[in-house]
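> The structure that follows is given in the form of structure tokens.
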């Protein structure tokens with residue numbers, strides 16, 4: 001669709017991407033070389049967090065946004081995990097709280113001090129253990145404070161109530177690794193994609209699967225709810241191994257509404273949706289470009305707008321929340337692009353060209369703010385509520401007054417739905433069994449080499465002893 005632009009009446013037809021100057025980028029960052037399909041980057045109105053390459057354990061940097069330029073090699077890190085960090089997400093309501101998950105099977109909550117880190121941080125305010133294998137994804141609930149979702153390689157999604165520091169619900173409907181999670185506007189529905197080639201819409205509190213699509217022709221990788229339109233968009237691969245996107249009705253996943261071929265490249269397509277402007281951005285892992293579309297309520301639903309091009313390939317992209325944008329420059333979206341080869345984080349602003357310098361009401365409607373609509377107890381009891389909206393015209397720089405208080409708890413077995421999660425380990429996958437087999441083969445070879453060395457040494461000692469006995473002195 002991107003090669004056949006459709007010119008139509010739209011206020012976003014001329015949106016363009018503007019790369020920040022070099023002094024406003026973040027340089028000298030050892031970005032992780034992990035091949036896990038995540039962004040490895042999280043940003044809010046105060047801080048930028050990037051997962052870094054480290055020897056032994058996992059770590060990530062947290063940099064105040066105003067501290068641009070070259071980052072020193074010995075800059076303090078968050079480095080408490082014993083395995084590689086696979087995902088990081090900022091709390092949408094408390095700007096100095098960030099969640100991370102790792103190959104060490106834990107999810108951890110960190111409280112970043114005012115002004116950023118002065119020394120390495122190794123102690124998390126909360127350590128969450130419930131998964132029996134590595135944890136690949138974390139997501140905060142969009143309207144409820146202190147509710148966190150985590151998806152592990154044990155095929156389970158755990159719902160954590162951080163007020164008590166325990167998992168309170170478990171979604172156990174997947175038969176393989178979960179690739180992506182996305183919430184609708186009020187957080188009453190959760191969409192997931194899975195390695196078993198299925199797209200699911202789940203009621204998170206009960207774990208009940210409301211809709212399920214078996215995507216054989218369109219192998220889904222990523223999914224995103226399109227705001228309150230009751231539609232989903234997925235990115236994936238067609239049967240001819242071309243990248244494609246598909247649009248779905250959330251109440252009927254039997255067939256996609258439309259499927260569109262994008263190109264024949266192999267990198268994963270990351271979708272980003274802006275509910276305020278109804279714009280969809282598609283960025284490929286390993287690509288240098290970002291395509292953007294406008295979503296409509298009638299056919300053809302997707303209208304191509306333009307494409308931002310750059311020669312530098314992106315490993316991942318962080319997205320600035322709406323209240324962190326520069327409204328005076330008519331900025332409607334901002335990416336933070338990870339350029340691994342250069343160790344560079346590059347801000348890219350998507351701008352609507354306007355001559356007037358006054359506040360543009362039509363491109364900045366009321367948007368979800370920094371105040372939660374529900375408490376954990378309210379949401380767990382079955383209450384749904386739309387996010388509390390805020391205007392970007394006045395007071396959008398206000399910081400939230402909510403403070404995170406970590407619960408004090410004893411270590412014990414983690415029981416959810418009558419199952420001890422740490423004891424109930426699912427069968428190992430074929431890849432895990434192969435890795436175990438090769439590790440055992442390596443260990444057997446190592447032991448054989450050690451035995452051979454010892455055998456040679458014994459023979460040498462036996463020969464020396466024989467020579468001593470046959471020497472003239474002994475005769």
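A Cβ is built for glycine as well, from the same backbone N, Cα and C atoms used for every other residue.
These numbers come from a predicted model, not from an experiment.
As listed in TrEMBL for this protein:
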DOMAIN    5-69  domain 'DUF1899'
REPEAT    78-120  repeat 'WD'
REPEAT    128-170  repeat 'WD'
REPEAT    171-212  repeat 'WD'
COILED    444-471  coiled coil
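Help me picture where these features are in the structure shown.
DSSP labels the residues of the repeat 'WD' (78-120) in these numbers: 0 helix, 22 strand, 21 coil.
Away from its own ends, the repeat 'WD' (128-170) comes close to residues 36, 38, 83, 86-94, 99-109, 176-178, 180-181, 183, 185-187, 190, 192, 204-205, 207, 368, 372-380, 385-387, 402, 404, 406-407, 409, 411, 414, 416-417, 419, 421-422, 424-426 of its chain (Cβ-Cβ under 8 Å, at least six residues beyond either end).
Mean pLDDT for the repeat 'WD' (171-212) in the predicted structure: 93.
A Cβ distance under 8 Å defines the sequence-distant neighbours of the coiled coil (444-471), meaning residues of its chain 6+ beyond its ends; there are none.
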> Kindly report the helix/strand/coil residue split of the repeat 'WD' (171-212) according to DSSP, in that order.
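Going through the repeat 'WD' (171-212) residue by residue, I get 0 helix, 23 strand, 19 coil.
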